[in-house]
Amino acid sequence: MLSKFQYDLVALVIFALVVAFGVPAVMNYDGFELNTFARYLALAIVSMALALSWGTAGLLNLGQAATFGMGSYAMAMHLKLRASDGLPDFMGWNNVETLPWMWVPFESLAFTLLAGLLVPAFIGGLIAIFMFRARVAGVFVAIITLAFLVAFQLLFINQQGLTGGQNGLTGLAQMSLFGWSVDTYSMGFYYLVAGCLVVAMAIGVYLTHCKFGLILRAIREDADRARFFGYNVASYQTLIFCISAALAGWAGMLYTMVLEFASPTYMGVSFSLAIVIWCAVGGRESVIAAAFGAIVVNMLEGRLSDVFVEGWHLILGVIFVLVVMFMPRGIYGLLSDGVQKLRGPGRSQDQRDGETLPNL
Amino acid sequence: MDVIANQLFAGLSMASILLMIALGLAIIYGAMGVINLAHGEFVMLGAYAAWALQTYVGIGILLALPFVFISVAVVGWIVEKVVVQNLYHRPLDTILATWGIGIILQQTVRLGVGAESRFVKGPDILTGNTEIGPLIMSNYRLFVIVFSIAVLAATWMLMTRTEFGMKLRAVIQNRGISECYGIEAKRIYSITFAYGAGLAGIAGALITPLFSTIPTMGTGLVVDAFLVVIVGGLGSLIGSAAASVLIGEATAIFSIVINDTLGRIAVLAGIILLIRFRPRGLFPTETRR
């Protein structure tokens with residue numbers, strides 16, 4: 001009998017094999033198709049990051065798109081600087097004479113990569129400390145992060161000279177890593193994104209199964225009880241928020257590389273709730289399921305929008321309402337219930353006790 | 001001085017619109033703990049209902065209000081029966097489900113009516129301005145302010161002076177015990193949800209001459225209205241009124257002191273601080289949860 005950790009490892013290996021060999025074969029090694037799929041993979045990382053904070057720790061972060069956007073703009077700023085000599089073009093249109101100090105360090109790739117992870121983690125950490133020190137929980141976490149997201153997006157669009165405003169950052173250069181100029185329609189780039197996703201998922205699986213993950217689940221089930229056991233609930237919550245934000249920033253960096261532009265819609269309320277939808281469809285309790293959910297929903301979106309140009313959004317809404325109502329634990333819930341049935345009723349009861357949904 | 005007075009009036013006008021939208025939300029959230037992200041779409045439906053009545057039937061906004069109220073309330077009632085009723089024990093999931101419903105309503109309108117902006121004419125008797133010294137007030141905005149106060153009063157009467165209100169308050173305090181006394185909590189919830197949706201519809205109809213009527217108009221409004229409810233305090237009508245005045249005026253004042261966008265950001269930051277330090281709002285009601 002395999003433990004849950006072993007199940008997850010098996011699932012991760014299967015997932016990695018499918019992404020590495022299955023998908024390119026099915027796509028016929030076609031550059032355009034692979035680029036589209038790489039986009040889904042980048043989005044899978046941010047969905048997985050949400051599963052860490054929402055599924056594991058019970059903190060519904062509706063502002064995930066803000067940290068995603070920070071990562072994506074960090075990368076876009078670097079690529080924009082490489083594309084323009086001296087001053088990026090949009091700054092000229094906005095009467096900005098010299099390169100703002102914020103932009104200067106983004107000339108360096110190493111700084112960009114670090115900033116793409118650490119800036120979201122730092123900002124996420126600040127919000128987390130601010131909320132969790134006061135024991136803000138449940139719905140109020142969702143509201144504060146949502147309000148933060150709205151304010152952040154407004155600020156970003158408002159600072160047109162610094163950020164390109166509503167137009168975002170376009171006309172980006174190609175990324176070059178250690179002399180390898182990254183062609184976004186190549187196999188190499190696909191494997192870069194796929195590799196990042198698998199590594200991120202491995203981190204996620206490890207985090208959910210180590211002692212840290214166990215304590216987070218305890219906090220999700222009953223924060224007070226965890227507190228009485230002597231755990232510092234706020235610092236655990238803050239740490240998982242930081243990790244989740246850093247992963248979202250990572251996903252944002254990859255996303256900018258795939259699409260070759262950055263837009264303030266990445267920080268929109270709609271996008272943020274879309275992340276929640278992917279995570280919920282896949283199953284928020286498992287990072288692998290959440291990543292899978294992002295890929296499935298986005299593929300479906302791609303296919304449906306080809307067939308029903310007008311109505312696909314409607315279909316998506318219906319699917320989502322049905323998932324929330326009848327599959328609250330997502331695809332993962334269906335699978336794990338199926339496994340429980342196969343095992344027979346005797347063992348399943350004590351197994352299930354540990355994984356009931358949080359009553360938020 | 002003139003600028004400030006006019007800006008204060010603009011703030012009050014905005015507050016009255018916020019109040020109309022937030023009232024429905026406050027009742028639904030206060031009574032059932034349901035965060036209804038589809039509320040903005042109820043507002044949008046109300047606006048489109050007013051547009052349809054004016055364009056195809058030829059009745060003005062004021063006469064259309066009762067019809068708008070009833071039709072949007074019916075939509076709300078159906079939504080409650082089909083979806084929300086199954087989710088009362090999972091409050092966080094209601095955020096997600098109602099967001100899905102919002103997408104469905106928005107897309108239905110987009111497919112049915114089209115994405116382009118619709119124009120609704122304000123009532124003829126309320127055109128023009130009332131001028132007191134340098135202060136210039138649009139008659140229609142004045143009317144919306146008065147109307148929102150009337151709706152607030154009517155809702156307060158409904159909650160405190162009718163049998164329905166008493167039952168609702170009983171269910172809010174303790175659902176189990178109320179059911180033992182023969183109150184049908186499910187029915188009370190359905191009616192409350194429908195009433196909240198109907199109020200959103202009226203709000204939508206009233207703002208049509210002031211805003212452009214497009215399928216996505218609700219999304220921005222719902223965030224604002226929701227913040228009003230949270231700031232005001234769980235289920236407190238007076239709190240919602242005070243919070244909408246506070247937020248409306250703060251936005252108006254900040255927007256002349258700094259600028260529109262930064263003003264809004266400052267208000268949002270203020271709200272975040274408030275939730276952090278007073279998570280139960282400005283006027284928390286004493287309920288046993």
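Backbone N, Cα and C define each Cβ position, glycine as well.
Curation does not apply to TrEMBL; its annotations are automatic.
Record features (TrEMBL):
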TRANSMEM  A:6-28  transmembrane segment
TRANSMEM  A:40-60  transmembrane segment
TRANSMEM  A:109-132  transmembrane segment
TRANSMEM  A:139-157  transmembrane segment
TRANSMEM  A:188-207  transmembrane segment
TRANSMEM  A:228-255  transmembrane segment
TRANSMEM  A:311-335  transmembrane segment
Which listed range (A:6-28, A:139-157, A:228-255, A:311-335) shows the maximal number of Cβ pairs under 8 Å with respect to the transmembrane segment (A:188-207)? A:6-28
Who are the long-range neighbours of the transmembrane segment (A:228-255) in its own chain, taking Cβ under 8 Å and residues 6 or more past its ends? 38-39, 41-46, 48-50, 52-53, 56-57, 59, 61, 64, 67-75, 112-113, 116-125, 127-129, 132-133, 135, 192-193, 196, 200, 203-204, 207, 212, 215-216, 218-219, 266
May I ask you to check whether the transmembrane segment (A:139-157) and the transmembrane segment (A:109-132) make contact, with contact taken as at least three Cβ pairs under 8 Å and only pairs 6 or more apart in sequence counted? yes
